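Record features, source TrEMBL:
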type	residues	note
BINDING	Gly10, Thr11, Ser12, Leu13, Asp14, Gly15, Val16, Asp17	ATP binding site
Amino acid sequence: MIRALGMMSGTSLDGVDAALIETDGIRIGGFGASAFRAFSDNESAVLHGGLGLWPDAPAVPDLARLVEAAHADLAAGFLNAQLIGFHGQTLAHDPRGRGTHQAGDGAALARATGRPVVWDFRSEDVRQGGEGAPLVPFFHWACAEWAMGQGRLAPAPVAFLNLGGVGNISWVDPTAPAPEAPGACLAFDTGPANAPLNDLMRRRRRQARDEGGALAAQGTPDAAIVAAFLQDPWFARPAPKSLDRDHFAGLLQAVAQLEDAGAAATLVAALAASVAAALDWLPSPPGQVLVCGGGRHNGAIMAALARALPMPVAPVDSIGLDGDMLEAQAFGWLAVRVLRGLPISGPMTTGVPEPVCGGRISHPRGSLTKLFGT
Ligand SMILES: Nc1ncnc2c1ncn2[C@@H]1O[C@H](COP(=O)(O)OP(=O)(O)OP(=O)(O)O)[C@@H](O)[C@H]1O
Ligand SMILES: CC(=O)N[C@H]1[C@@H]2OC[C@@H](O2)[C@@H](O)[C@@H]1O[C@H](C)C(=O)O
């Protein structure tokens, strides 16, 4: 088992999560300490300004230094980590076009922390024809397998719904022998999650988010806007599929005429409707939908999901996991898989033709090499 530190800064641009995990890259041996470092208002504004940029843009090196510094700062509190999995900050994602861009250089983080760093998790999958996302689904399988072993989950398919800036769902069968085994996983992005809500709150209320969903809970959703949103060809596209953060920017424009609470309620209803639509693509109805990511702290979202979905909806914490740290833990677990040459994505998670072991490994003294596997 390796003690890996996973580090993730997601599409909501609120900060960096870090979490320790003990793993052989297949089974979870145990979870360790975790921490969050918020981006300052200035850092967040700078990163927002970088959204949509590709590596050749002149502003990118400065953004990358900002991302590396924030991670190095946070990693300094985890001296017992043997390996770091560094996701980087996604600025642009267009797998069928220019590719995928996570700002931040793992070699620089390896030098700054004195630890080997696994990074650039998505590029190889995209190069081989995959969507490059989502990458957490194989870890969701490991979580379900862990929870089943602890007697907290039935030996039957279950879904993990991650609600960050964008939503993604993983249907997993914890009785499958491995995450890459046929029939073990099906995963894809579901649609916008917190990103439009946060953007709405920032523009109208100068707040980072709708705390607890209090504003949305006071409003009535506009059913016509939700129905029009569901007409986006995205929903008719078979899974696997991944989204750029701003694919649904039109949704925010659609609610522009509504008063604040109605606009927030409509965004929440659209989120719930997109998850309900996602169920159509799953191999079988999951026994329950386990919600992770920041969206599960939004009571209006959880209530809307409970209304929209036919099966029980619960925070992932109900089976003993930390729903705020799951993505960070995932990149620690994935880092160990990269080190061992195990696949981190496959046909049923990113649509890549064959399972892929992506990622690069950088060592503190600067050599850039892959230790095991391809
Ligand atoms: N107490 C809360 N009340 C309402 N919303 C919340 C609360 N806590 C977190 N959120 C929402 O969750 C978001 C952060 O979620 P999370 O950290 O899972 O996203 P992320 O990792 O940045 O994104 P992604 O998973 O898309 O990469 C916040 O920006 C906010 O919208
Ligand atoms: C390109 C990119 O960074 N995508 C993120 C984003 O945020 C959620 C969703 O869109 C998911 O596809 C992915 O993140 C998670 C960690 C994943 O890869 O599973």
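The backbone N, Cα and C atoms fix where each Cβ goes, and this holds for glycine too.
The 6 Å Cβ screen around ligand 2 retains nothing from the binding-site residues Leu13, Gly15, Asp17. Same-chain residues at least 6 positions away in sequence with a Cβ under 8 Å from that of Ser12 (ATP binding site) are, in sequence order, Gly164, Gly165, Asn194, Ala195, Asn198, Gly294.
The ATP site is defined by Gly10, Thr11, Ser12, Leu13, Asp14, Gly15, Val16, Asp17, and by the 8 Å test on Cβ atoms against their centroid, the other residues of the chain that qualify are Met8, Ser9, Phe39, Gly164, Gly165.
The Cβ neighbour count for Gly10 (ATP binding site), using a 10 Å radius over every protein chain in view, is 23.
When the binding-site residues Thr11, Ser12, Gly15, Val16, Asp17 are checked against ligand 1, Thr11, Ser12 have a Cβ within less than 6 Å of one of its atoms. According to DSSP, Asp14 (ATP binding site) is assigned to coil rather than to any helix or strand.
For Asp17 (ATP binding site), the Cβ neighbour count at a 10 Å cut-off comes to 24, with all displayed protein chains included.
Close to Leu13 (ATP binding site) in the fold, though at least 6 residues off in sequence, lie Phe39, Ser44, Leu47, His48, Gln89, Gly165, each with a CB less than 8 Å from its CB. With the fewest other Cβ atoms inside 10 Å of its Cβ, the least crowded of the binding-site residues Asp14, Gly15, Val16 in this structure is Gly15. The Cβ of Thr11 (ATP binding site) has 22 other Cβ atoms within 10 Å, all protein chains considered.
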